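*Asks:* Before I ask anything, let me first share the structure, which is written out below as structure tokens.
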Amino acid sequence: MANNEESRGLKSLFDWFANRRKAGATNPERQEREIADGLWHKCSKCGVLTYTKDLRANQMVCVECGHHNRVDSDERIRQLIDQNTWRPMDENLRATDPLQFRDRKAYSDRLREMEDKLGLLDAVKTGLGQINSSPVALAVMDFRFMGGSMGSVVGEKITRLIEQATQRRYPVVIICTSGGARMQEGMLSLMQMAKISAALERHRDARLLYIPVLTNPTTGGVTASFAMLGDIILAEPKATIGFAGRRVIEQTLREKLPDDFQTAEDLLKHGFVDDIVPRTQLKNTLSQLIALHQPVPTTPPMVLWETMSLSSTAVE
């Protein structure tokens, strides 16, 4: 009897949460307070309230409409890398201000504010780990740090990661999300495009796999360099991917662009990406691709006369 009452009580509680999520809180002030406290998350696409714990369990993908919310670098690593296998690289690299750049505030002040607010030294985390027991070199960009912009530190960390992967014969996976090259570093940021591309070319010459994953947004100098140099290019659903911004292109061409312009779906249709993979399937997809492209062991070739000698011995 007690068990039945307990079951009915739990069912009522679950029904209340379900109705609350669909209908929204009746008191706007209470709703905003609970969202601010992090208990609930309001989807920016469909407006449905979801319990934050449930959203995280679904890898920050809305359970109602499938909208892929942005995730930070730590969360992305947790989603992809096997537990207790992550070994970060170059954690202490930090940007300087060689140009003494200043817009509304000094670049050095911006860097300090980002570090204090986020606990990050720059816009990418790199390291070695395993995806379903397969070794991998992984770089994860973080849009929270100055829009994921690519400066000297981002370029150096990714280049070092690729060089380490080439030496160890590891595949490379880069989770891309960026507004492009960092304007506060001028030409130094643009140099990173060529620097990373050269490292990837050496990695490719070693016949090793590179997979970029394009997430929302991937634009500017990142798109114009390593984001589009993959052996297999993956993208998340509805991700904005392009070089110049939509408004800039419309003003230049004086034309209205299609609604799906610069979306992952449009790029797939025109052959710029190879597949669109939902975040909840990304780890297994990467694991399968890595397993299919395991590097062939480098063994010294057998010279012709040795082959003939072995054949003669077999005949005798």
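Note that Cβ sites are derived from N, Cα and C of the backbone, with glycine treated the same way.
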*Asks:* If Swiss-Prot is the reference, give me the range from 43-65, 135-157, 181-203, 227-249 marked as zinc finger.
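*Replies:* Of the candidate stretches, Swiss-Prot labels 43-65 as zinc finger.
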*Asks:* Tell me, what is the mean pLDDT of the zinc finger (43-65)?
*Replies:* 91
*Asks:* By Cβ count within 10 Å, point out the most packed of the binding-site residues listed: Cys62, Cys65.
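*Replies:* Answer by Cβ density within 10 Å: Cys62.
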*Asks:* Using a 10 angstroms cut-off on Cβ to Cβ distances, just flag whichever of Cys43, Cys46 is the loneliest among these binding-site residues.
*Replies:* Cys46
*Asks:* Across the zinc finger (43-65), what are the DSSP residue counts per state (helix, strand, coil)?
*Replies:* 6 helix, 4 strand, 13 coil
*Asks:* I need the neighbours of the Zn(2+) site defined by Cys43, Cys46, Cys62, Cys65. Which other residues of that chain put their C-beta within 8 angstroms of the C-beta centroid, in sequence order?
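*Replies:* Other same-chain residues with Cβ inside the cutoff are Ser44, Lys45, Gly47, Val48, Thr50, Val63, Glu64, Gly66, His67.
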